[in-house]
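For reference, TrEMBL has these:
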type     : residues              : note
ACT_SITE : Lys133                : active site, proton donor
BINDING  : Lys97, Lys121, Ser376 : substrate binding site
BINDING  : Thr217, Asn248        : NAD(+) binding site
COMPBIAS : 1-16                  : compositional bias 'Low complexity'
REGION   : 1-25                  : region 'Disordered'
SITE     : Asp173                : site 'Important for catalysis'
Amino acid sequence: MTTTQDPQAQPPQNTQRLGQHTIPSYLDPNNIGPYEIFLEQVERVTPYLGKLAYWVETLKRPKRILVVDIPIHLDDGTVAHFEGYRVQHNTSRGPAKGGIRYHQDVTLSEVMALSAWMTVKNAAVNLPYGGGKGGIRIDPRKYSTGELERLTRRYTTEIGLIIGPDKDIPAPDVNTGPREMAWMMDTYSMNVGRTSTGVVTGKPVTLGGSLGRADATGRGVFVTGAEAMKKLGMPMEGAKVAVQGFGNVGEAAARIFHGHGAKIVAIQDVTGTIYSEAGIDPAAALAHLRQTGKITDLPGTEELTRDEFWGVDCDVLVPAALEKQITLANADRIKAKLIVEGANGPTIPAADDLLAERGVTVVPDVLANAGGVTVSYFEWVQDFSSFFWTEEEINGRLDRIMAEAFLSLWDVKERHGVTLRTAVYIVACTRVLEARALRGLYP
Ligand SMILES: NC(=O)c1ccc[n+]([C@@H]2O[C@H](COP(=O)([O-])OP(=O)(O)OC[C@H]3O[C@@H](n4cnc5c(N)ncnc54)[C@H](O)[C@@H]3O)[C@@H](O)[C@H]2O)c1
């Protein structure tokens, strides 16, 4: 008989004997997609979980998945349908929490992986949340503001069944921001008949958003990167930094590294790659991007091919675009001694191994980019009390949480002789499964 007190009472499940499959039927076993990376990461951490390994299947199976059809009127009077998802990977430690992505390549597997990484991330920095994520399969650049508003409002209504301030709290991700969060908050509030600011985070400051949220993820990338550089004896002044992705995360990270004396030598975004040995001023790059719609042709920089970006002479590499960017095709060319993962899932496990063999330190996504969800947590807490903190308070608390999390996880890494990624998974998965064991199975 399984009890909550004795999680070791039975041997781990024999999935074959039970006729169960590790890969659910809604994924293609021959092409699992990004969720395969997460499953592999769980396999790697299992030997370190001790008795809690009894519960490890919990991590491999998302708690709840909602797939929705989003029909909207386009501006030309026709009707278009879009595929939308909301996945709640785990809620053992609290309500699900994680962003909403608009991208033409969004798949269920990707949203599952992103939701699982949120579970790990929230546990890694000890926020009282589980993990969730959502997405719509759309290229938002091709649609008008009105169309995107109708899309966002219909999607919010469709997933309104399962979200809520104490159930599941969305936030921005790729191609969504404060504007979409305002629409989501308003739509949810209209549906429940009261203003509910705590249903999403990353809102505009005038609607219950938090100061410091816009830069929070990039700031966390900088704080954990700077702590790692201290551990590795790398000076910040003049350190050469290459950044992939120049959006919410990449731009803020580049700006803050630059502000602390580092030199941004290369930037890549969807429009191209720029390089300057003398260093790129992120403010000039942003102004140029806003003016011309691209980062290429910035005066004082030369253009590189997409692939040349990976071989750039740099000390620190910040992938802050999309997943699966660092692969076996480029990991051996990376010159950086330190990689700080601003994006979610930018490094495939085989490349991670190669980097470890080459002595490259990786601050993993589930730690490095946790600054965003940490300030989202502050926003949620402020919304509950309707009492708002100053930006100094927020940045101070954020810096402290990120630096302390980094240092304690670095200790775990040293103690077990593992990579920082495995150390984060050990601590986070232990916290999640401890909660699972203590709560027990219902009924
Ligand atoms: N925004 C947050 O608070 C937050 C928090 C945690 C993690 N993340 C992760 O960080 C990553 C970036 O998110 P964001 O919010 O900055 O998104 P964003 O939409 O603001 O920016 C994405 C950037 O990536 C670039 N990009 C897209 N495709 C590319 C490609 N093929 N090659 C090179 N560059 C490409 C875009 O041009 C853009 O500069 C994502 O993996 C996201 O999940 C974001």
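Glycine too: its Cβ is placed from the backbone N, Cα and C atoms.
Bear in mind that TrEMBL entries carry predicted annotations, made automatically and left uncurated.
For Lys97 (substrate binding site), the recorded positions whose C-alpha atoms fall inside a 10 Å radius of its own C-alpha are Lys133, out of Lys133, Asp173, Thr217.
When secondary structure is read from DSSP and collapsed to three states, Lys121 (substrate binding site) falls in the helix class. Counting only residues at least six positions away in the same chain, the Cβ atoms of Lys97, Ile169, Ala171, Thr201, Gly202, Ser210, Arg213, Ala216 sit under 8 Å from the Cβ of Ser376 (substrate binding site).
Spatial neighbours are here defined as Cα atoms within 10 angstroms of one another, and by that definition the neighbours of Asp173 (site 'Important for catalysis') among the recorded positions Lys121, Lys133, Thr217, Asn248 are Lys133, Asn248. Other residues of the chain with a Cβ within 8 Å of the Cβ centroid of Lys97, Lys121, Ser376, the substrate site, are Gly98, Met118, Asn122, Leu127, Tyr129, Gly131, Ala171, Ala370, Gly372, Val373, Thr374, Tyr377. Here the binding-site residues are Thr217, Asn248, and the one whose Cβ sees the fewest other Cβ atoms within 10 Å is Asn248. With a CB cut-off of under 6 A applied against ligand 1, the recorded positions Lys97, Lys121, Lys133, Asp173, Thr217 are reduced to Asp173, Thr217. Taking all protein chains in view, 27 other C-beta atoms sit within 10 angstroms of the C-beta of Lys121 (substrate binding site). Sorting the recorded positions Lys97, Lys133 by the number of other Cβ atoms within 10 Å puts Lys133 first. If you measure from the Cα atom of Lys121 (substrate binding site) to that of Thr217 (NAD(+) binding site), you get 12 Å. Here the Cα atom of Lys133 (active site, proton donor) is found 16 Å from that of Thr217 (NAD(+) binding site).
Summarising the substrate site geometry, the residues cited as binding it (Lys97, Lys121, Ser376) extend over a maximum Cα to Cα distance of 13 Å.
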